[in-house]
Amino acid sequence: MVNAGDMNGSGNLMDFLDEPFPDVGTYEDFHTIDWLREKSRDTDRHRKITSKSKESIWEFIKSLLDAWSGWVVMLLIGLLAGTLAGVIDLAVDWMTDLKEGVCLSAFWYSHEQCCWTSNETTFDDRDKCPQWQKWSELLVSQSEGASAYILNYFLYIMWALCFAFLAVSLVRVFAPYACGSGIPEIKTILSGFIIRGYLGKWTLLIKTVTLVLVVSSGLSLGKEGPLVHVACCCGNFFSSLFSKYSKNEGKRREVLSAAAAAGVSVAFGAPIGGVLFSLEEVSYYFPLKTLWRSFFAALVAAFTLRSINPFGNSRLVLFYVEYHTPWYMAELFPFILLGVFGGLWGTLFIRCNIAWCRRRKTTRLGKYPVLEVIVITAITAIIAYPNPYTRRSTSELISELFNDCGALESSQLCDYINDPNMTRPVDDIPDRPAGPGVYTAMWQLALALVFKIVITIFTFGMKIPSGLFIPSMAVGAMAGRMVGIGVEQLAYHHHDWIIFKNWCRPGADCVTPGLYAMVGAAACLGGVTRMTVSLVVIMFELTGGLEYIVPLMAAAVTSKWVADAFGKEGIYEAHIHLNGYPFLDVKDEFTHRTLATDVMRPRRGEAPLSVLTQDSMTVEDVETLIKETDYNGFPVVVSKDSERLIGFAQRRELILAIKNARQRQDGVVSNSIVYFTEDPPELPPNSPHPLKLRRILNLSPFTVTDHTPMETVVDIFRKLGLRQCLVTRSGRLLGIITKKDVLRHMAQMANQDPESIMFN
């Protein structure tokens, strides 16, 4: 018997794996990362850099550059995300107005910009100027009359169809991952799942272009959710430029968490809300360091957007409000009612939308995504045009609903009957009886509300970029404004009632309908997404209404309670389950009294567990095992008889190691012995060179005993982000539990079909 190391005069040849080879430590598509392993690899890398930094000045400078690379990535993400958001805002403004007319002095100006530059615009007719012409004026020289209306109507529909068709075609041909809001997938990716291409350069380009097209087409969707996806694509692009992030999937996810914060920061002009949104809603692992970096990325993104100034009002906020009256305690009752409405609308929307999306996935409807988009766009445009509140862009609609009625407002919502003897300052206008314009607006708002509720259910989830924040806020703002006007008129006509007596004197400005719209918007958005803290912060950053935090909090909490009474899932979690992504939600509770032995595989009657032995299998045996099974890894045991656990080897790394060994090491053949020990086994003379694979062996796989409660196992999987966990008894291997086994078991316990939740 001879020692294999002596046959070559040196053991170094077998240890070629001590040098890392390409692709080791990477993951295949649609697999989950091993958080513990990524963390330990980063610690090793950091230790190596620290020890080297003491050797020379150059190494010390390299260590400083490595430490600063995180902040550089955040700066680049903020700059690019802010620039893209500004460009999208400007392009959407122009293309939305293009459906109604064109600016003759400069065709790239939107309606508002066109009339700003005109010297002939008066304050009363600030929307009218000779440079801006509707299509009927340009084509048939008529601005009024039936023929002009029909021509404008027809061209409005044609432009909408053109934009929507172009968007769905671009998504279909160039970047299928650019559809939807992206937040369910971002949540799944941040939890450790790999979806290659989802955050790629093509997805970034196509999503940015198609986002402009779909929002301009007038469909009932927003750009805010997709902007989070766009910012995460920027984060993925920049992290690939730095080896610290490109070679470590765990570190990359820290960057993506911060990028999500920058996305919300530019979507709403809410940097602090963005950081809280990333923490509360999307992130899975959020260390304190990521909090600071998210804050910095959100700050840079907001600063960049402010520099571009897409809204032209020198403000970062989307819907700036300035109310002149405080709110009163008695108003908490209607605010809570709006919270109840928001919770009910959220539940209705989630159930109907998921049912429709499931139908799309399981029937022939899903085979015609282009036709579906065209039909929904045509229906939306045909119904939306006659109603002034659905014809305009949703952001403009929300802005008008949030506004307080000043003396200079020309909106129908502000058509009150004025007292000719009133001699009060302009800002403090008392409550007045509603005029005919307000009643007309109420009818139009009621119709617009029903239309928005129905059409959004069918729009969200189509094969185009589609956000849900703005449509949800529009539903709430319309309901809130109507409630606000109702309360205002009640207070005016019945100011002697006991509830109004203490705080609403005749001739006083008591009720602000715009505030009710704001509270309603927060309630509906909370009902759909189940956000609370981040929602309230986003709402007051969005509007600048800092003193109205209590009404917003009351509505947000009420809507969450009401919606949670019907089901714990928000819209994003519901879509994650619909698509079967392996996502373990931290918010879910597991209260069943099952044990690890009930869930582990193999079960009774199943084939024994596929394992590797430490020094008795040949290369051919290992290759056969890999070929005949589709497992992601194999436990390594002392021998088939003893089944004492040594470690765990990943499938991908076994394949790469054997492939590399055949190419780079002489003498490795099919009947070479594979060993995972430190020293090679004793082999008969003239036997082929053995192959040492100790380097790819995880010597400390996570193990639990067979009597560990599943409640603990689920908690371990959630908090440590495990891929799999081995089940032992007294050191002997019994079985394995993977993340998918845990998800299947949880579905089974919740009386769901366990196979329906698996990613396909």
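Just so it is clear, glycine is given a Cβ too, placed from its N, Cα and C backbone atoms.
For 68-92 (among others), the entry in TrEMBL reads transmembrane segment. Within its own chain, the transmembrane segment (68-92) is flanked in space by residues 208, 211-212, 215-216, 223, 227, 230-231, 234-235, 238-239, 242, 244-245, 255, 258-259, 262-263, 265-267, 289, 293, 296-305, 307-311, 393, which lie at least six positions past its ends and keep a Cβ under 8 Å from the stretch.
The feature transmembrane segment is assigned by TrEMBL to 153-175 (among others).
Residues or ranges marked as transmembrane segment in TrEMBL: 195-215 (among others).
Positions annotated as transmembrane segment by TrEMBL: 227-243 (among others). Listed by sequence, the residues of this chain that lie at least six past the ends of the transmembrane segment (227-243) yet keep a Cβ under 8 A from its Cβ atoms are 69, 72-73, 76-77, 80-81, 84-85, 88, 181-183, 185-186, 189, 199-201, 203-204, 207-208, 211, 251-252, 255-256, 258-260, 262-264, 266-267, 282, 301, 465, 467.
Residues 70, 73-74, 77-78, 81-82, 84-86, 186, 189-190, 199, 223-225, 227-232, 234-236, 238-239, 245, 285-286, 290-291, 293-302, 304-306, 315-318, 469, 531, 533-534, 537-539, 541-542 of the same chain sit 6 or more residues outside the transmembrane segment (255-279) yet have a Cβ under 8 Å from a Cβ within it. Feature annotation from TrEMBL assigns transmembrane segment to 255-279 (among others).
As annotated by TrEMBL, transmembrane segment applies to 332-356 (among others).
Summarising the annotation, TrEMBL assigns transmembrane segment to 368-385 (among others). Beyond the transmembrane segment (368-385), the same-chain residues lying 6 or more positions past its ends with a Cβ under 8 Å from any Cβ of the stretch are 153, 156-157, 160-161, 164-165, 167-169, 172, 217-220, 360, 391, 451, 455, 458-459, 462-464.
Taken from TrEMBL, the feature transmembrane segment covers 441-461 (among others).
What TrEMBL lists as transmembrane segment is 468-487 (among others).
Residues or ranges marked as transmembrane segment by TrEMBL: 515-540 (among others). Only residues 6 or more beyond the boundaries of the transmembrane segment (515-540), in the same chain, are considered here, and those with a CB under 8 A from a CB of the stretch are 264, 268, 270, 272-274, 276-277, 279-281, 321, 323, 327, 334-335, 338-339, 341-347, 349-350, 398, 401-402, 468-469, 472-481, 483-484, 487, 546, 548-549, 551-553, 555-560, 562-564, 569-572.
Per TrEMBL, domain 'CBS' is recorded for 600-664 (among others).
The domain 'CBS' annotation in TrEMBL covers 697-755 (among others). The domain 'CBS' (697-755) scores a mean pLDDT of 89 in the predicted structure.
Counted over residue pairs 6 or more apart, the CB atoms of the transmembrane segment (332-356) and the transmembrane segment (441-461) come under 8 Å in at least three pairs, which marks the two as touching. If you look at the transmembrane segment (441-461), the same-chain residues 6 or more away from its ends with a CB under 8 A from one of its CBs are 180-181, 219-221, 345, 348-349, 352-353, 356-357, 360, 376, 379-380, 383-384, 387-390, 397, 411-413, 415, 468, 471-472, 474-475, 478-479, 481-482, 485, 571, 575.
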